[in-house]
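Q: Take this structure, written in structure tokens, and hold onto it; I'll ask about it next.
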Amino acid sequence: MLILLLGYAITQSVYSDAGPIPASIESRDVASCDGLNSQRSIWSIVWSCLSTIFLCTWVAVHPNVHFRPEKQNQKWPDKWLWDPLHDFITYKLVLFLWALLVPEYILAWAVRQWLKAGEISKKVPEWTRTHGFFIIMGGFHLFRLPADAPSTQFPPSTPFPQPNNLFYRLKPSDSSDFVVPTGLHLRKDEVPVCPLKLEDFTADLLKAITPTETELKDRGKSDALTKLIVLVQTMWFVIQCIVRGTQHLPLTELEVVTLAYTMLNLFIYVFWWDKPRNVECPIRVYKTSTTSHKESGEDADEWDGTWWLRWVVPIVAYSIGQQDAYVTLSKQRSIPMFWSGRMEEQELGLAGLGPSILGAAFGAIHCIAWSSEFSSHAELILWRIACISMITVPFMVVVICAYSAV
């Protein structure tokens with residue numbers, strides 16, 4: 001229904017002549033009621049802007065796998081109402097508000113995952129960037145089999161070949177802790193443990209359970225038609241703004257804000273193009289009920305210091321994307337919301353450089369309304385202060401990222 005209403009609004013706007021935005025309240029009221037004159041109505045402006053912001057922001061966000069253990073014998077209000085509502089409010093809505101309030105942070109997160117996924121795809125033979133995204137987003141989850149479930153152990157691991165050190169050498173071992181179920185048992189009796197990362201796997205196990213790129217894309221909840229509709233709506237809005245600019249016609253402040261969002265969300269969409277969207281069920285990997293799991297790789301850092309550092313350090317770490325260095329996945333029931341894998345300081349600097357520049361551009365677009373007519377002088381001053389702040393703060397981050405990347 002939303003798509004149909006959106007299509008109707010677009011077709012109606014095609015036949016409306018572009019005209020200047022009425023300056024006074026009286027003329028705005030007249031324009032909103034008169035659909036035959038050359039003025040644009042307030043409703044058409046608000047609808048076009050808000051629908052564009054909602055669509056491009058909602059569709060651009062590609063969350064990690066939000067794994068939730070299945071509950072047995074649920075009553076229908078819990079299954080169909082309260083649990084989905086709780087999941088929406090505590091996860092999807094939170095991500096949407098982050099993308100709405102701090103879109104530069106979401107862009108930086110997308111860039112970090114894009115770089116990490118490309119790095120993984122080069123380490124493992126026959127893997128694509130989609131596979132890299134899938135393992136980063138928590139696509140593989142460890143489960144323990146019931147005590148009475150029969151299983152067979154994976155054979156000793158054979159490392160991948162390393163011509164010119166191109167491929168990642170997954171850990172060889174005399175025996176593998178991972179197993180394959182060989183009998184029938186109930187899925188509800190399996191015990192979820194934690195998400196897995198690349199270093200936890202042996203070569204043989206990874207070869208046995210890796211899905212194809214087509215299978216990974218099939219797990220996503222987005223298709224080409226959805227992407228096309230959002231891109232057409234976004235491009236149509238941008239074209240309308242450009243045409244009004246060439247005709248020296250003003251834009252409302254809401255249109256300027258929407259134009260800035262479309263620019264930033266377009267880049268988010270591009271970097272997450274190969275990432276499966278809204279995957280809720282990860283691939284299950286098994287160990288026996290008596291086997292413990294300790295993740296491979298470097299140990300996570302600890303939050304330490306005085307009481308005020310325990311507040312300042314996490315804020316700084318989350319701001320630059322370094323929070324993953326303090327996360328131990330083997331202790332997590334689900335992949336963290338903004339997880340993109342541990343990265344070195346130089347890699348974080350490179351990953352944050354582009355988003356910071358685009359963040360400054362996001363603020364610069366708001367300067368289009370620098371000389372617009374505001375209801376009061378105070379609103380004009382506040383708008384200009386906000387524009388300067390949205391340009392200055394990301395520019396300072398650009399300097400910090402450039403220094404870290406050297």
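Backbone N, Cα and C atoms are what each Cβ position is placed from, and that goes for glycine too.
Note: TrEMBL annotation is automatic and uncurated.
The signal peptide annotation in TrEMBL covers 1-16. Positions annotated as transmembrane segment by TrEMBL: 42-61, 89-111, 224-242, 254-272, 348-369, 381-405.
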Q: Looking only at the recorded stretches 42-61, 89-111, 224-242, 254-272, 381-405, which one has the largest tally of CB-CB distances under 8 Å to the transmembrane segment (348-369)?
A: 381-405
Q: Going along the chain, which residues at least six beyond the ends of the transmembrane segment (89-111) come within the CB cut-off of under 8 Å?
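A: Contacts of the transmembrane segment (89-111) (Cβ under 8 Å, skipping residues fewer than 6 from its ends): 53, 57-58, 60-63, 66, 261, 264-265, 267-268, 271-272, 321, 337-338, 340, 351-352, 354-356, 358-359, 362, 394.
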Q: Taking the transmembrane segment (42-61) as the first stretch and the transmembrane segment (254-272) as the second, find out whether 3 or more Cβ pairs fall under 8 Å, excluding pairs closer than 6 in sequence.
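A: Yes; at least 3 Cβ pairs under 8 Å.
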